[in-house]
Amino acid sequence: MKIIACYKLIPEEQDITVNSDGTLNLNKTDAKISQFDLNAIEAACALKQQNSDIHIVAMSSGGEALANPKGRKDVLSRGPDELIVVSEPGLENALPHQTAAILAAAAQKSGFDLILCGDGSADLYAQQVGLLLGEALGVSAINGVSRIISLSDTQIQVERTLEDEVETLTLNLPAVVAVSTDINAPQIPSMKAILGAAKKPVQAWQSADLGLGDVSGYTTLLSVLAPQQKARARVIIEGDGEEQIAEFAEHLRKVIG
Amino acid sequence: MSKFSTVWVFSDAASRLPELMGAARQLGEDVRVIVQGNEQSAQAFRLGADAAYDLGSIPADRIIEDYADTLVQTIKNHAPNALVLLPATRRCKALAARLGARLTAGVVNDANELVLQDGHIVATHMVYGGLAFGKEQITTPYAVTTLNSGVFEVAQEDSARTGSATSLEFVAPKNPIICVSRKVKQSNSVDLGKARLVVSVGRGIGNQANISIAEALSNAMGAELGCSRPVAENEKWMDRERYVGISGIMIKPELYLALGISGQIQHMVGANGAQIIMAINKDKNAPIFQYADYGLVGDLMKIVPALTEALKR
Ligand SMILES: Cc1cc2nc3c(=O)[nH]c(=O)nc-3n(C[C@H](O)[C@H](O)[C@H](O)COP(=O)(O)OP(=O)(O)OC[C@H]3O[C@@H](n4cnc5c(N)ncnc54)[C@H](O)[C@@H]3O)c2cc1C
């Protein structure tokens, strides 16, 4: 069985700064694997532990950052057997519908039984790519999956956590499943896994290799701006002596009313 | 064009319908509501629907998302362009993507603002973990958005308004998903969103047993207890319904008192709506103090019990 685990490279949030006009400065940011996609990769690896016949392909579409050997090793050290990237300049700014179209073409070329995605990427958090990917491939797709109950050659049964209920669902394969963060705790790769990652096969494609013409967007991102910080009093009392605690308690009492 | 000619509304959560109707009436000339059953249909008309379409009762093994083709057929039959409004629930996000694909429409989830500009919907939603807001214009004739709560005025019910819904014929999807079972979540008793005062616990509390000191303080204040994500998701010291932040719950209490919370942006976007933020943290450089009205730098293990005593006096 072939499982594709999709991931996105995003800018490290800790390194993002806000310019004086409210725009974001991403120049000093390193690329990292989006948090929720680590859950998807881990979920694929957990399935492989139960069934050694599984072959895991990590797959990503994006910009030139995907060419970085360190980043490629990073994803492969987390367990996938093989990596497929579709990268070309500009694709780092692709919006969900475009990303889904590219991933669908790549998945079709590679072949698959099951695709795992994160529920959303930690940058745009559009929460659509997995679902749109399923639509583009003409297979079932579902979001919010918090547990994989069973996997057979023809079906996957999952638990899906919604706001106020939990569903058990059966999907016929092939299918796309987007997982939520509570599905697992991604492991930190071992030294051995990191060393082994360099030997795993990598295929780099461009959208031309996929026979994709221009996939125009359905939406346009007009601006990304940090919100105005709400003005706060910022009365900071230093020290945990009786006097300081009493002063803080006084402020608290006034607020409680 | 100052309004969309047609706005379609569907809500899987009955409680969200009044606000969606408020938004739809503000943005559209003609508001059409997809309902489940007579009761919701009557409510939709009282809330100002121009027409309602009834999905009927949904078999237990079917999920609402599998009605995408049914909805698409109805929407397409009516007009070649429209706005489709849904609440930002997990279920409706799944439905939104399906509708988007089948209507070749742009989709934006979690809209915090929705306006019409030059005949196109512009939706604002949080990006980069709450660091910024992205403004996205949907350029397709059909537009699909899921709306956060608290963005629009709720529509008021007018009991004089009535109407009857058109029944919709279920269009079976090509790849149905079978619902084997469904159970209501147990721990959903707390509604942090409605609490006036919130005391919130971060990883700085140290261990699960220590949560009792935060509980004692919140009892003395008459507050609800919240937490940061690691306290709920990693440590599992508290229920996940209680964690505040971009991936947890967004709250707007009168007071947010943070105990041993560092104040990362993904947490703060959930708490920033508070009128007053107070914080206790032993690290005077903790980012939380940037967001606080009143801060106390020190060991919470010492401060919290003393504060509880002080409030009792
Ligand atoms: C995509 C994404 C989404 C996220 N969503 C959320 C979200 O919705 N909600 C959320 O909360 N987080 C979220 N996070 C995680 C967030 O970035 C932080 O990691 C998290 O909020 C930190 O929790 P914390 O402050 O409790 O713990 P820590 O960062 O470990 O901070 C503990 C604090 O306690 C203080 N402390 C320790 N001991 C004491 C003591 N004895 N007395 C006083 N102070 C003490 C320390 O100085 C420190 O500041 C998200 C992260 C990502 C990447």
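Glycine is treated like the rest: Cβ placed from N, Cα and C.
The domain 'Electron transfer flavoprotein alpha/beta-subunit N-terminal' annotation in TrEMBL covers B:7-183.
The feature FAD binding site is assigned by TrEMBL to B:Arg203, B:228-229, B:255-283. For B:Arg203 (FAD binding site), the count of additional Cβ atoms within 10 Å of its Cβ stands at 17 [all protein chains shown].
A distance below 8 A between C-beta atoms marks none of the binding-site residues from B:Arg203, B:Tyr256, B:Gln264 as lying next to chain A. Only B:Gly260, of the binding-site residues B:Tyr256, B:Gly260, B:Asn272, B:Ile276, place a Cβ under 6 Å from an atom of ligand 1.
Sparsest Cβ environment among the binding-site residues B:Met268, B:Ile276, B:Ile280 (other Cβ atoms counted within 10 Å): B:Ile276. Counting every protein chain shown, the Cβ of B:Gly260 (FAD binding site) has 26 other Cβ atoms within 10 Å.
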